[in-house]
Amino acid sequence: MSLYVSNTLSGEREPFEPDDPENVLVYTCGLTVSDDSHLGHARLWVQSDVMVRWLSHLGYGVRHVQNFTDVNEKIVARTGEGDLGDTEQAVARHYVESVIEDMRDLNLDRAEVYPRVSEHIPEIIEIVETLVEKGYAYEAGGSVYFDVTEFEDYGKLSGQDVEEIESQGAESDRAEKRHPADFALWKAGAVDPGDANEHRSDDLPPLEEPAGQTWASPWGEGRPGWHVECSAMSTTHLDDSIDVHVGGQDLVFPHHENEIAQSEAASGDQFATYWLHVRLLETAGEKMSSSLGNYFTTKNAVEEFGPNVVRMFLVSTSYTQRQTYSEATISEAQERWERVERAYERATDAADSVDAYAKVEDDDLRAAVVDAREAFTSSMNDDFNARGAVSALLELASAVHRYVDEVEAYDYRGLVDAIETFEDLGGGVLGFQFGAADGGDATLAGDLVELVLNIREEERAAGNYERADELRDRLEALGVTVEDTDDGSTYRL
Ligand SMILES: [Zn+2]
């Protein structure tokens, strides 16, 4: 059975037939780096990571590119806040670093590249020039706008009728635009302080001067519009035509509609064959306790629940459906991960025990492995249904628990098949990490280090510097690096 995917462009479930199976091109719309990531972003990343991993598992050669939007008024709005720095670049660098940390914590496979807008200004200018030359875009007051009435297929992704779009972009652009639905490809000058202040914290003095980076262009100093960046980066790092474009459901209109218009008008080729949109993550509203609300950033969630539970949670609803974040859904993920992990550990212990034999064969155990692989495969081929895939692993976990409970002489080969199934499918495809210090263990280790650091602090306060140094040396010997700063001690494992 082959893979079927839900394509927003056609509105249908379609068989997946890439141009070149050796070279499947996938672009994921990444994050605007103006804040720490939250679980909604993490859901998009984990779902697209699982898609890419499944395509690789099926034998496709996959090239995956995911961008960072590091030029944006929301980034400018945070300049001067805390230790973020006074420039758009400094704030963006801070959050690119933070987001990469979150991605590594979530055990995402590395993309081929993570291009940033600020390093692709020449490519952006080139595509805008092409659009002007071909008559799809026009200059007005040092800005350049895409003329939606010139692109016949405008609206084909989102189903929008051009004449019904009342406006796009900033209201202040209206006077320059020919049609209310036209959108900016290039904006003259720096960020208007009013636009940045809309996103600025009330605790900060409002910006009074135009702010943010500008670049020289054929139309004067200015900044790229938002949508054109993805057309430029996708073309630069992949091709004019790609197989799969992934993004959040909230980006269908206008962002992805505009990417199609720009790319296809410029190149004359179809931009992306399959448009896969990950539905949003919702919180359970007021019913959610405030303590759970604290774990809505990726960092806090990973620290509290561990990466495996967070991943289990994020794959537990199909990408084509909205997901709810609540105490109940998180604890379901916790319980599911523990069942799978425990089964993996018990299978490993049994296979590595003196009671595992070469000539013992258990038909039920072996059948459970075959069934789990089949159920996992058919779920994933059914539009990357990761929830179904997890159910297949849970079935296998139950079979392993039953088997180890009931039997005294173990089927070595059967157990190893089960272990490899957990590792290949749960690890390789769903991205779980078996046998890693995680969740409870990782939290406990962190708490114990904090405890030792507190004792060390007390020793120092009491003038017992030798004792304090000894505690630091013993932590270092265990692989814990302690750094003393003005605000106290920090550590790295
Ligand atoms: Zn994009």
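We number each residue from 1, going along the chain as drawn.
Glycine is treated like the rest: Cβ placed from N, Cα and C.
As recorded in TrEMBL:
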- C29, C230, H255, E259: Zn(2+) binding site (BINDING)
- S290: ATP binding site (BINDING)
- 375-444: domain 'Cysteinyl-tRNA synthetase class Ia DALR' (DOMAIN)
- 191-220: region 'Disordered' (REGION)
- 31-41: motif ''HIGH' region' (MOTIF)
- 287-291: motif ''KMSKS' region' (MOTIF)
All-chain count of other Cβ atoms within 10 Å of C230 (Zn(2+) binding site): 28
DSSP-derived structure type at H255 (Zn(2+) binding site), helix or strand or else coil: helix
C230 (Zn(2+) binding site) in three-state DSSP notation: helix
Mean of the pLDDT scores, which run from 0 to 100, over the domain 'Cysteinyl-tRNA synthetase class Ia DALR' (375-444): 92
Neighbours of C29, C230, H255, E259 excl. site residues, C-beta within 8 Å of centre, Zn(2+): H227, E229, S231, H245, G247, L251, H256, N258
